[in-house]
Amino acid sequence: MAIEGVLQEGFVTTTADKLINYMRTGSLWPMTFGLACCAVEMIHAGVSRYDLDRFGVVFRPSPRQSDVMIVAGTLTNKMAPALRKVYDQMAEPRWVISMGSCANGGGYYHYSYSVVRGCDRIVPVDIYVPGCPPTAEALIYGIIQLQNKIRRTNTIAR
């Protein structure tokens, strides 16, 4: 039965989990944490050619207004405490997308003394987007995967 048939009867039944997760997937507000060249591709995903707004994704300037952090680029030891501080300022529930080889595991600079070998050593990561740099399409695919992950989670503890 389609949703139109249910609406003609005057009511719709669902669970609170599905309703809450549906609302969360349609209003992801990421905060950009651009550290290197991957940030340029992240900007490409926000312009009119790819238009992240159609997925309900609106970039926010403040961590207190965001529920998704996109870490794009090489994370250094000096920048790691700032990343953790920004992550801690985000409201719950919060998710992290690691974008690019450098954010995923250090990338080309993996053996450098000043590079953190993956941002998952500082903050918990939900989605990894591979590439050097990953394309805007890859980031959009990662955001869609995050939306699917949010739909599968249980919001209300039982």
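The backbone N, Cα and C atoms fix where each Cβ goes, glycine too.
If you check Swiss-Prot, you get these features:
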- Cys37, Cys38, Cys102, Cys132: [4Fe-4S] cluster binding site (BINDING)
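On the structure: features taken from Swiss-Prot.
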{"residue": "Cys37", "record": "[4Fe-4S] cluster binding site", "contacts (Cβ under 8 Å, 6+ apart)": "Gly73, Gly100, Pro133"}
{"residue": "Cys38", "record": "[4Fe-4S] cluster binding site", "contacts (Cβ under 8 Å, 6+ apart)": "Ala72, Gly73, Met99, Gly100, Cys102, Ala103, Pro133, Pro134"}
{"residue": "Cys132", "record": "[4Fe-4S] cluster binding site", "contacts (Cβ under 8 Å, 6+ apart)": "Gly100, Ser101, Cys102, Gly107, Tyr108"}
Any further residue of that chain within 8 Å (Cβ to the Cβ centroid of Cys37, Cys38, Cys102, Cys132) of the recorded [4Fe-4S] cluster site: Ala36, Ala72, Gly73, Thr74, Met99, Gly100, Ser101, Ala103, Gly107, Gly131, Pro133, Pro134
